[in-house]
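Straight from Swiss-Prot, the features:
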REGION    57-84  region 'Disordered'
REGION    175-222  region 'Disordered'
COMPBIAS  211-222  compositional bias 'Gly residues'
DOMAIN    288-351  domain 'bZIP'
REGION    316-337  region 'Leucine-zipper'
REGION    354-373  region 'Disordered'
Amino acid sequence: MASELAMSNSDLPTSPLAMEYVNDFDLMKFEVKKEPVETDRIISQCGRLIAGGSLSSTPMSTPCSSVPPSPSFSAPSPGSGSEQKAHLEDYYWMTGYPQQLNPEALGFSPEDAVEALISNSHQLQGGFDGYARGAQQLAAAAGAGAGASLGGSGEEMGPAAAVVSAVIAAAAAQSGAGPHYHHHHHHAAGHHHHPTAGAPGAAGSAAASAGGAGGAGGGGPASAGGGGGGGGGGGGGGAAGAGGALHPHHAAGGLHFDDRFSDEQLVTMSVRELNRQLRGVSKEEVIRLKQKRRTLKNRGYAQSCRFKRVQQRHVLESEKNQLLQQVDHLKQEISRLVRERDAYKEKYEKLVSSGFRENGSSSDNPSSPEFFM
């Protein structure tokens, strides 16, 4: 792998910014694919067509669309030594980019291609912050030292590469999800859950500056069109990032009404009044408050029932004690009456046995023992 990546010093750019851009990527992750002679010819044709300003976002599988261009070395213009840089286009630098470039399918201008790619950017599976940063550095180096830092001309950062870099930066600013493909940065999407309006706008401006630098370095109608497309892509990314910063569930208010309504207010408030107070509140918050109100009502009903049961039990116990006292009193009365009855019966038996009756007793005296009862 190292022997295949080895290149002569004349082919490598001597700018420190370009070398830093190359060092930002883990080159061991990229696949090196050697194509036959026909594939090299097709690649050169695709490079010339892309440099002419015709881009397409259709995912069709064609010989031209199967080999994407290089980020830092676009198709060279005629007479710029294409034999020395032809093997550089064999490196697949966009391994995670799902959109295929097919210049022969539709006759899109660079502006139309940028808009089409941005509109379909939700299909991307990861961000390309490293690519955008490297493209910005290369574009700045190409604009500052035209001919000194990148081999003597701005052709190293061609218009097609500038347009593609601007599209990638805009897509990364708009999607804002997925892991970053730096060699040492592997952040989850949740770490960037609270975006600000300034960061996506900065990414969009960086993409616009990269596109403008590519257009200035190329020189000619096609280069000017590529620069304009890159600037448009950057602006779109900045606008999308600024809009994405205002996510609905990150509102500063919080929409939590626990402090606004006390438990007593939730229980005593009527349903109509509660619905009037909850106008404009999210559905989840309304459901949560109504469930809390129902729980408080059930809890209050259970406490009321428990209190009533305890109170009724106390009343019944007091009545039971009173009834037991009355029963005891009645038992005492019964026992007293039984004793009196026994005493009278014994007295009667004594009188009968002593010969109470006499022979000449008058009829006024009772003759039946029941009289003494």
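Just so you know, glycine gets a Cβ as well, placed from its N, Cα and C.
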Within the region 'Leucine-zipper' (316-337), residues counted as helix, strand or coil by DSSP: 22 helix, 0 strand, 0 coil
Reported mean pLDDT - the domain 'bZIP' (288-351): 93
